[in-house]
Amino acid sequence: MKLRGLYAITDSQLLAGKFLSYVEAALEGGVTLLQYRDKSSDEARRLREAEALRDLCERYKTQLIINDDAELAARLNVGVHLGQTDGPLSPTRALLGYKAIIGSTCHAQLELAEQAAREGASYVAFGRFFNSNTKPGAPSCSLDLLDEAKRTLHLPICAIGGITLDNAAPLVAHGVDLLAVVHGLFGANSTAEVTRRARAFNELLKV
């Protein structure tokens with residue numbers, strides 16, 4: 001499966017009161033991967049929202065990814081994104097099967113990406129590249145890291161962290177396949193603006 005394009009990530013606080021309408025607006029503009037990210041302990045609501053997103057993604061032929069919850073991903077038969085505190089990737093690959101999309105957070109360390117690749121990751125994510133509202137304390141990445149990753153890794157590379165339409169072009173120029181965006185996509189005043197931004201990100205990536 002070729003993974004290239006916009007990687008939209010939800011934020012429950014940012015999308016409060018407009019969750020599904022803004023997500024559908026993004027899908028209308030074109031989303032390669034949609035990550036459901038919710039750190040709350042309300043499992044019933046998380047299941048309800050994830051099921052709604054799965055149905056939307058099926059309609060728009062977009063792949064749904066669950067953040068940090070392999071069991072929920074298995075229940076819905078979708079992909080998962082794992083952080084460095086979530087343990088080794090191999091058991092998750094065994095749980096979800098060889099076709100599932102599994103991503104791995106690698107911060108600013110190429111070694112973590114190489115390990116994730118060996119364990120069966122579908123893509124690796126580096127970041128943050130810019131100041132991030134979602135993870136303000138995350139270590140920062142350089143464009144040089146992207147160059148090195150492109151030379152040594154043979155799987156899609158995702159960039160995350162404070163990405164907007166104004167700063168994304170250099171990341172694409174240095175070989176990024178997936179632009180993971182939260183506020184730069186969903187921090188809009190209308191659904192029409194969300195759709196416009198999604199299309200503009202895809203134009204940058206020539207998708």
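Cβ coordinates come from backbone N, Cα and C, glycine included.
Neighbour density for K135 (4-amino-2-methyl-5-(diphosphooxymethyl)pyrimidine binding site): within 10 A of its CB lie 15 other CB atoms from the protein chains shown. The feature 4-amino-2-methyl-5-(diphosphooxymethyl)pyrimidine binding site is assigned by Swiss-Prot to Q35, Y36, R37, D38, K39, N67, T105, K135, with sequence analysis given as support.
DSSP gives D68 (Mg(2+) binding site) a coil state; it is part of no helix or strand. The Mg(2+) binding site annotation in Swiss-Prot covers D68, D86 and is backed by sequence analysis.
Residue pair R37 (4-amino-2-methyl-5-(diphosphooxymethyl)pyrimidine binding site) / D86 (Mg(2+) binding site) shows a Cα separation of 14 Å. Ranking the binding-site residues D38, D68 by C-beta neighbours within 10 Å puts D38 at the top. Of all Cα pairs drawn from Q35, Y36, R37, D38, K39, N67, T105, K135, which the record names as binding 4-amino-2-methyl-5-(diphosphooxymethyl)pyrimidine, the longest spans 16 Å.
Note: the Cα of N67 (4-amino-2-methyl-5-(diphosphooxymethyl)pyrimidine binding site) and the Cα of D86 (Mg(2+) binding site) are spaced 10 Å from each other. Put simply, of the binding-site residues Q35, Y36, D38, T105, K135, the one whose Cα is nearest the Cα of D86 (Mg(2+) binding site) is T105.
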